[in-house]
Each structure stands twice: as C-alpha cells, then as structure tokens.
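**Q** Sharing a structure, written as structure tokens. Questions coming.
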Amino acid sequence: MAEVPELASEMMAYYSGNEDDLFFEVDGPKQMKCSFQDLDLCPLDGGIQLQISHEHYNKGFRQAVSVVVAMEKLRKMLVPCPQIFQDNDLSTLIPFIFEEEPVFLDTRNNDACVHDAPVRSLHCTLRDAQLKSLVMSGPYELKALHLQGQDLEQQVVFFMSFVQGEESNDKIPVALGLKAKNLYLSCVLKDDKPTLQLESVDPKNYPKKKMEKRFVFNKIEINNKLEFESAQFPNWYISTSQAENMPVFLGGTRGGQDITDFTMQFVSS
C-alpha cells in the first residue's frame, strides 16, 4: 500500500479542484467521475489499482486516495485508452500466447479404448443345410444331428457377438460363445492342420470388442444361408459332415461333401 506523493502535472489538468468531486473506481482508474467522467483511462502497463475512499472530509488529495501499486510501476503514467478491449481482440493475442504443435495419435496401442466399447450381441441357434442341430457332446465338443419335438431343447444356444475385424460388405466379424457357459469356438493349429475347438475363457474378460483372432469368424450370407469363415485361417469354415451325429469341425472346402451352409434362428435372451 502506497500513497501518491504528489499529483503529476498531467493529472492535475483533469483535477477539478473540488476534493469532494474526485472519486476513483476500484481496480481503476478505468474511469474517473466528475471532471474525469468523460475520459476512458487505463494504466500504460498493468498492475495499478485504486481504492475508493467513501469518506469525504476536508482533506487533501494526498490523504483521500491510496494507491495499491507494484513498486516498479510507480513511475508509469496514466494515458487515455484508445478503445475498450473487446472479446474478439483475444483472437489476435492467442497466436502470441500459445504455440501450435502437431498431435500424433498412436494407433498401435489403442486396445484399452477398444475394450471399453460396448459389444453388440444376440442369442441364436444354428442348423446346417440338412437341418441338423448342434448339440454338446462331452465338455468340449459339438456334434450335428437331427432333433425333433422336445429333443430340440438339447440344441446349443450361441451367444453371437459382433466384434472388431476386417469387415466388408459381405463379411461381418463375429465371435461364437455358448450361452450360460464360459466356452467359445476358436481355431488353432493342431498337427499342422487348422482345427475347431471349444475354448474355456474368463467370463470377467469376455466377450469384448477386440477378440483374439482365433475367436473371430467372418459371417458370410449367401442366398439366405450363412457361412462362418475362420479369421485366423482364411478359406477354412465351420463345417458338418453328411453323416449323423458327427463332430462339428473346421473344413477347407466349400460346396463339396462337407456342409458349410447354416441357417440361424433367433432366440430371446
């Protein structure tokens, strides 16, 4: 807190001589009333603040006004501001305050974002082109056989999830889990041959948007029939045999003796 020692000669030119007429606004002097009211004043440099004295005694100007000011700014003079600072003036200052830098997005390690994405899914059953249903045979094997009547309750209900993969107009990547079981169909290499298996998973982590490639199948629709191509082994498909009660397997031929065409029936969850 410092007091103005004396009025500068430039300031005296605006002084009315009547002490009761001289008031300053807080954080000013942005505008001085009475003899100063027509002048829009501001500091040449920031940092000067004025405090109002609300008591008008017969005291000199020196005792009526106190100035809050940084010591290094005491020598600064008050000059008329050319115009009021507008919001749009900020646009001219921003390039001097901020330095523009390019931002590079590393897409190699975005698994966390993908895992947090919601997974769209549905429940369904599958039958091959001969209307054979898929049922469990042992803890980790599926077989295809004809079912009728109440036996249809034995067929497996799949939990089909739409996952990340190489999607195109005719291929939709999906994962096939078994409802109410922690099992997913997966494709692995056994004895140098692509093989279909049921793999146990942790239900806390599955299903997820970005499934490991061995779990992903490209769902292909042709003439109202569906094919399921392994994403891990292209041109290998979920297949059934012409014979009854044979295991479901991964086959490398289409349109041959092995059946690769299926129909899907939706099941309420």
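Glycine residues also receive a Cβ, built from the backbone N, Cα and C atoms like all the rest.
So Swiss-Prot lists the following for this protein:
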{"type": "SITE", "residues": "Lys171", "note": "site 'Important for interaction with integrin'"}
{"type": "SITE", "residues": "Lys179", "note": "site 'Important for interaction with integrin'"}
{"type": "SITE", "residues": "Lys181", "note": "site 'Important for interaction with integrin'"}
{"type": "SITE", "residues": "Lys190", "note": "site 'Important for interaction with integrin'"}
{"type": "SITE", "residues": "Lys204", "note": "site 'Important for interaction with integrin'"}
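Thinking about packing and proximity, how do these listed features fit into the structure?
**A** Within the same chain, residues at least 6 positions away in sequence whose Cβ sits under 8 Å from that of Lys171 (site 'Important for interaction with integrin') are Asn218, Lys219, Ile220, Glu229.
Annotation note: Lys179 (site 'Important for interaction with integrin') sits in a coil segment as assigned by DSSP.
Counting every protein chain shown, the number of other Cβ atoms lying within 10 Å of the Cβ of Lys190 (site 'Important for interaction with integrin') is 9.
When secondary structure is read from DSSP and collapsed to three states, Lys204 (site 'Important for interaction with integrin') falls in the coil class. Around the Cβ of Lys204 (site 'Important for interaction with integrin'), the number of neighbouring Cβ atoms within 10 Å comes to 6.
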**Q** Can you tell me the CA-to-CA distance separating Lys190 (site 'Important for interaction with integrin') and Lys181 (site 'Important for interaction with integrin'), as a whole number of Å?
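**A** So the alpha carbons of Lys190 (site 'Important for interaction with integrin') and Lys181 (site 'Important for interaction with integrin') sit roughly 24 Å from each other.
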**Q** Rounded to a whole angstrom, what is the C-alpha distance between Lys181 (site 'Important for interaction with integrin') and Lys204 (site 'Important for interaction with integrin')?
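**A** Answer for this pair: 13 Å between alpha carbons.
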